[in-house]
Structures are given as structure tokens and as C-alpha cells.
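Q: As annotated by Swiss-Prot, signal peptide applies to 1-21. The annotation topological domain 'Periplasmic' is assigned in Swiss-Prot to 22-33, 64-73, 102-106, 155-163, 208-211, 249-252, 287-291, 327-330 on the grounds of experimental evidence. Annotation comment: Swiss-Prot describes 34-42, 54-63, 74-84, 92-101, 107-115, 164-171, 201-207, 212-219, 242-248, 292-299, 319-326, 331-338 (among others) as transmembrane segment. The topological domain 'Extracellular' feature in Swiss-Prot is assigned to 43-53, 85-91, 116-141, 172-200, 220-241, 261-269, 300-318, 339-358; the stated evidence is experimental evidence. Taken from Swiss-Prot, the feature region 'Loop L3' covers 116-133. Residues or ranges marked as Mg(2+) binding site by Swiss-Prot on the basis of a large-scale study or a structure entry: Asn340, Leu342, Thr355.
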Amino acid sequence: MKVKVLSLLVPALLVAGAANAAEVYNKDGNKLDLYGKVDGLHYFSDNKDVDGDQTYMRLGFKGETQVTDQLTGYGQWEYQIQGNSAENENNSWTRVAFAGLKFQDVGSFDYGRNYGVVYDVTSWTDVLPEFGGDTYGSDNFMQQRGNGFATYRNTDFFGLVDGLNFAVQYQGKNGNPSGEGFTSGVTNNGRDALRQNGDGVGGSITYDYEGFGIGGAISSSKRTDAQNTAAYIGNGDRAETYTGGLKYDANNIYLAAQYTQTYNATRVGSLGWANKAQNFEAVAQYQFDFGLRPSLAYLQSKGKNLGRGYDDEDILKYVDVGATYYFNKNMSTYVDYKINLLDDNQFTRDAGINTDNIVALGLVYQF
């Protein structure tokens, strides 16, 4: 019986963390779910910057309220707290925080810190036990989590076509801190140039049918003045992203691949951005009925014609071999081996890019 139960619950654990939420309140059209996890995590690596304790926890809630028969309000917040630092250090941050309205088949609109629409497709390969999803990053234009997202989403194409979803998104400018020497581009939530963005727009479309999925996404963002100084490579007026992906998720098999081409949008360590980058991620997983889920993946990000003495360089390149074992819906353990294929050379040293292998061991409690 335990084997059958695990075969049903494990796929549910692989989607958004809130899928495993604990219901706190559900009455009179108002619902509140609490979710979270604690990951006792340790890295083993020759790179002393990452070797050691990486323990963290995440906590969040999802709420909704029935305004009318046709209108529903909703909100979500998620926070991460590092458990590997001293008590007098403030190593915590908000991952997402947004609120919105859903108008039945017409669609939903929300605003806040959220995921960019490019992640609607690239998330298909961001399923590894620990690593993965690092040909892009957070606060990286519209490629993953970011601030100031206004998002319209439509599911099942106005209720007419099952599995056909699309989204349109706008991101407001997140620029310089005050007092940084710039006369323009200052915003109330300023940050360093590598995590800034100008006004941006994007869209995505995905179609799922009987386990098969196909999707595409594009985004185009203005770059800030601080991003176009001589301090960084990859100057340009706009940061653009073009993404396509495929997936298969059925019969205990999960296969996914995505290819993304970017212009002035893929970060090159601490050096800046690639004028052009070609990013590829592919993953294969199989879910055994007794709770074991092995995983194999390949990820590569190649920068083209980088400039400043660099030509074409691999920004990221590794094979990932891992496995997760689910004791039940609340408890799991995993091992993830990142086999780094990058060479230690002048480029990786200048950019501060890690070239060492990493083994991650984790024990997770989630609710």
C-alpha cells in the first residue's frame, strides 16, 4: 500500500511548493494555505566559497477570497531564511510577494514580486534535486524572479482550449540606489547594476496535451545607464530573451529541454553580460513506485563575442547526476552531483566563475 501511495503523491511534490500546503482556514469563500520546507543541506567541494553548510528554510502562504461569483482575489508570499549563518547576520529575503484578481475564464491579473514569463518555459528543466536553472537567475530582467511585475494570465484559452495557456507581462524599472553618482535612473528600491532592469515587456504561450508540452516565451527590457558603463561588458540599449521548450511528463517518466538565446541579458559572472548567449538545458527523470527518483541533466551557457579580449566562452557547462528518495509526502532526502565541465582559465578567474565539482547532500522536511 505504501508503494502505491508514494507513486501517486510524489509527482504532486515536484510542482510548486504550495502544492503540499497545510490548509489553515477555509470558510465563507476565504481560504488560506501555509507551506514551507526546511532543507538540512551540505555541499562538498574544492571551492571553499561554497564548501560546507548550506542549510535553509522557506515559508510562505497562499490565500484567496471569493469576491463575487465571477471574481476571486488572491495573494502569495514566500520567504527564505538561511540557517548556515550566525544569529547576528541578516541572511533572509522575500522570494515572491504579489496580489491579484481572477475573472473566471477571462484570466487573472496580479502585481508584485513574481516570476518573469520566460520562466513559464525554462522552469520545465528547473527540477533537479539541488542544482539546475542556472543559465539564468533571479533579478535578471524577466528571466526568473524579479520586482515590479504586472502579469496577465489566461488558462485554457478563455475556457475554450484545454491546456492552451498564455501570459503577457510588464516589468517596471528597478534602477540605481540614490547617491551612486547617477543623475538619472534612481529608483526607491535601487540595487547593484548586475541586478537592475529598465522597463520591460514579455509574453509566453504553452500547450499541454496528454503529457506532452510545448512552449515559447520572449522578453525585451530597457537596460539602465549603470549597466552600460565601461565597467561592464555587454553594453546595449535592450536586453532580449527568446526561449523555446519541450517536455514529456507521463508514465513515471519526465523529460524536458529548453533552448534560450539572449542578447545583453545573460550575466557573465561579475564581468557583465554576454552580447549574445546560447543557453541549453535538458533533464531526464524516472519515478519509481517505492519513492526513488533518479535524475540526469546537462546544462550549458555559451557567450559569443564577449569583447574585452574574450571571444566565445562557456559561461556555464556541467552534467548533473542526482537522486531523491521520498519517505512520504513530508520527508525526503537527496544527493546531487554537479560535474563541472568548465576549465580553470583566465576568463573564469576574471569573471569569478566556479570551475570545481560540487556534491550536495540534503534532508528535507516540507509541509
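If you go along the chain as it appears here, the first residue is 1 and each next one adds 1.
Cβ from N, Cα, C; glycine included.
Mind mapping these onto the model and telling me what they sit next to?
A: The topological domain 'Periplasmic' (22-33): residue composition by secondary structure is 0 helix, 10 strand, 2 coil, according to DSSP.
Residue counts for the topological domain 'Extracellular' (43-53) under DSSP, split into helix (H, G, I), strand (E, B) and coil, are 0 helix, 5 strand, 6 coil.
Counting residues 6+ beyond its ends, the transmembrane segment (54-63) has Cβ neighbours under 8 Å at 17-18, 21, 24, 30-43, 74-84, 95-96, 360 in the same chain.
Residues in the topological domain 'Periplasmic' (64-73) partition by DSSP class (helix H, G, I; strand E, B; coil) as 0 helix, 6 strand, 4 coil.
Within its own chain, the transmembrane segment (74-84) is flanked in space by residues 17-18, 38, 52-65, 91-102, 108, 110, which lie at least six positions past its ends and keep a Cβ under 8 Å from the stretch.
Over the topological domain 'Extracellular' (85-91), the average per-residue pLDDT in this prediction is 88.
Residues 14, 41, 147, 149, 151, 165, 167-169, 171, 174, 191, 195, 197, 200, 202-204, 206, 213, 215-219, 221, 239, 241, 243-245, 247, 254, 256-258, 260, 265-267, 279-283, 285, 295, 297, 299-301, 316, 318, 320, 322-324, 334-336, 338, 358, 360, 362 of the same chain sit 6 or more residues outside the topological domain 'Extracellular' (116-141) yet have a Cβ under 8 Å from a Cβ within it.
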Q: Taking DSSP states H, G and I as helix and E and B as strand, how many residues of the topological domain 'Periplasmic' (208-211) are helix, strand and coil?
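A: In the topological domain 'Periplasmic' (208-211), the DSSP-based counts are 0 helix, 2 strand, 2 coil.
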Q: Mind tallying the topological domain 'Periplasmic' (249-252) by DSSP state, helix then strand then coil?
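A: Counts, helix then strand then coil: 0 helix, 2 strand, 2 coil.
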Q: Are there residues at least 6 beyond the ends of the transmembrane segment (201-207) whose Cβ is under 8 Å from a Cβ of it, and what are they?
A: 116-118, 120-121, 142, 163-171, 213-221, 241
Q: Sequence-remote contacts (6 or more beyond its ends) of the transmembrane segment (107-115), Cβ cut-off under 8 Å?
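A: Residues 74, 94-101, 123, 144-155, 158 contact the transmembrane segment (107-115) from elsewhere in the chain.
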Q: If we skip the immediate neighbours and take only residues 6+ beyond the ends of the transmembrane segment (242-248), which ones have a Cβ under 8 Å from one of its Cβ atoms?
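A: Here the qualifying positions are 118, 121-122, 124-125, 211-218, 254-262.
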Q: Residues other than Asn340, Leu342, Thr355 within 8 Å, Cβ to Cβ centroid, of the Mg(2+) site?
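A: Same chain, not in Asn340, Leu342, Thr355, Cβ within 8 Å: Lys317, Tyr318, Leu341, Asp343, Asp344, Thr348, Ile353, Asn354, Asp356, Asn357.
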Q: Could you give the residue numbers and ranges of same-chain residues that sit at least 6 residues beyond the transmembrane segment (292-299) on either side and whose C-beta is under 8 angstroms from one of its C-beta atoms?
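A: Same-chain contacts beyond the ends: 10, 125, 127-129, 132, 134-135, 280-286, 316-326, 336.
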